[in-house]
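Taking it in order: structure first as structure tokens, then the write-up.
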Amino acid sequence: MEISWGRAMWRNFLGQSPDWYKLALLVFLIVNPFIFLANPFIAGWLLVAEFIFTLAMALKCYPLLPGGLLAIEAVIIGMTSAAHVREEVAANLEVLLLLMFMVAGIYFMKQLLLFIFTRLLLSIRSKMVLSLAFCVAAAFLSAFLDALTVVAVVISVAVGFYGIYHRVASSRGEENDMLDDSHIDPHYKTVLEQFRGFLRSLMMHAGVGTALGGVMTMVGEPQNLIIAKAAGWHFGDFFLRMSPVTVPVLVCGLLTCMLVEKMRWFGYGETLPEKVRDVLQQFDDQSRKKRTRQDKIKLIVQAVIGVWLVTALALHLAEVGLIGLSVIILATALTGVTDEHAIGKAFTESLPFTALLTVFFSIVAVIIDQHLFAPIIQFVLQASEHAQLTLFYLFNGLLSSISDNVFVGTIYINEAKAAMENGAISLKQFELLTVAINTGTNLPSVATPNGQAAFLFLLTSALAPLIRLSYGRMVWMALPYTIVLTLIGLLCVEFTLAPATEWMTQAGWLATLS
């Protein structure tokens, strides 16, 4: 017997999502207009909380759908306007271009990356050393590349590793569905679970590595560029001014990496199963035997394009997204990828997230229009100069863990600069606050995927369900890093920032804002 019209509509609404999730979203959509009529400020914070809820439930339903419905309603009831959303999207066009083109560009370098990381994985047997290598590599790369790019690289490598073993375990060859474990023998499933734990830990080490490296340079994170521009700092100035905080944090972050692996805390410590190592070794041996001269040329071309990518980003020869587009053009033209459908596959990973980020900008527009952060900013600027550093750091960290880093960093640096121009704070205090704002925006935000775009990208990627990386598990595995990075950063802002900056200024290493 065919189901009723109402039941059919309910099943279609958000598809396979649980009924309780669908009901919760309907409740949000119904109550928001009434709360907005009663108190717009409370309604604004409620909308932010609801959006965070959709991100937390990313594995129940991709956040673009529920988050998009909330954003559309916010515009309709007047919490913000379509024109303001367009302004926010236009202001963040660089980030959208990055997602569309840079992530797709990395897709065409996967052969080289898989080759390099397979050699790395097979040559380093110690899990602690391997984890440290992944963390250091991610930190170094993210100091020059955007963190999203680095995470995209590691995701592509992890999916490659997982796919190789899953095909063998399921005995289904190229037609294998990596999400389907029904054809896998129980013995293989045990090994597969261990392999998933191994990949989860590597992904988290690499993800935190991007935060450790990204905070150090003005090109490491999008908000760093905005902060550096407001302060009038160039690449060297930015690195030196951040170093009293970022260098100790980097050292302690790497020590944390080794400690959690050694002690097997927080879900870390899982080693690469020997059966998987054997499969990867066989795959590597077969790949080398089958590799033709044409294949070798492709690897060489991809390596040259990789050099171009790092050089262009480090020297800022063009916007990040446009450099990514050049990578797509060069990689496809020089490796013979000419079919439209083959090129289109490169965009399947990044475009859903690009759409999600666009929805997020509409939530940012609500935050601005409803002045949700205004009371916090006023409170901080009323404190003493020494307390301001700590408060800016902590409030940046708190807000960055639930909101967009670029937005939080932009709001605070603009407020700090306005305070300096109005005579509320001195130039020296502004320069110290700039460091507190940048480190506060970048370091504590590793606490949740909401705070780090790279973490959110990982959570919503095709890899997350394969290795069973949920929102809660990601927060739990990030916890030791969150504690160490936040506390060491806070201690450095409190005790080493001012004296170290004073010493570097007297030594003539630092230029001041003119």
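Note that the numbers count up from 1, one per residue, in the order the chain is shown.
Cβ atoms here come from the backbone N, Cα and C positions, even for glycine.
As given in Swiss-Prot:
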type     : residues : note
TRANSMEM : 23-43    : transmembrane segment
TRANSMEM : 63-83    : transmembrane segment
TRANSMEM : 97-117   : transmembrane segment
TRANSMEM : 120-140  : transmembrane segment
TRANSMEM : 144-164  : transmembrane segment
TRANSMEM : 202-222  : transmembrane segment
TRANSMEM : 238-258  : transmembrane segment
TRANSMEM : 303-323  : transmembrane segment
TRANSMEM : 357-377  : transmembrane segment
TRANSMEM : 391-411  : transmembrane segment
TRANSMEM : 447-467  : transmembrane segment
TRANSMEM : 475-495  : transmembrane segment
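Per-stretch counts of Cβ pairs under 8 Å to the transmembrane segment (144-164) identify 202-222 as the leading one among 23-43, 202-222, 238-258, 391-411, 475-495. Just going by CB pairs under 8 A, the stretch in 202-222, 238-258, 303-323, 447-467 that sits most against the transmembrane segment (475-495) is 238-258. Below 8 A, the CB atoms of the transmembrane segment (120-140) and the transmembrane segment (63-83) form no more than two pairs separated by six or more positions in the chain, fewer than 3 in all. Here the transmembrane segment (357-377) sits apart from the transmembrane segment (202-222); fewer than 3 CB pairs are under 8 Å, leaving out pairs fewer than 6 apart in sequence. Of the Cβ pairs linking the transmembrane segment (202-222) with the transmembrane segment (63-83) and spaced 6 or more residues apart, fewer than 3 are under 8 Å, so the two regions do not touch.
Long-range Cβ contacts of the transmembrane segment (238-258) within its own chain (Cβ-Cβ under 8 Å, at least 6 residues beyond either end) map to 128, 131-132, 135-136, 139, 205, 208-209, 212-213, 215-218, 224, 228, 431, 434-435, 438-439, 443, 480-481, 484-485, 488-489, 492-493, 496-497, 500-501, 504, 509-510.
Within its own chain, the transmembrane segment (447-467) has Cβ neighbours under 8 Å at 52, 55, 58-59, 62-63, 147-148, 150-152, 155, 158-159, 162, 178-179, 196, 199-200, 203, 207, 210-211, 349, 352-353, 356-357, 400-405, 474-475, 478-479, 482, 486, counting only residues six or more beyond its boundaries.
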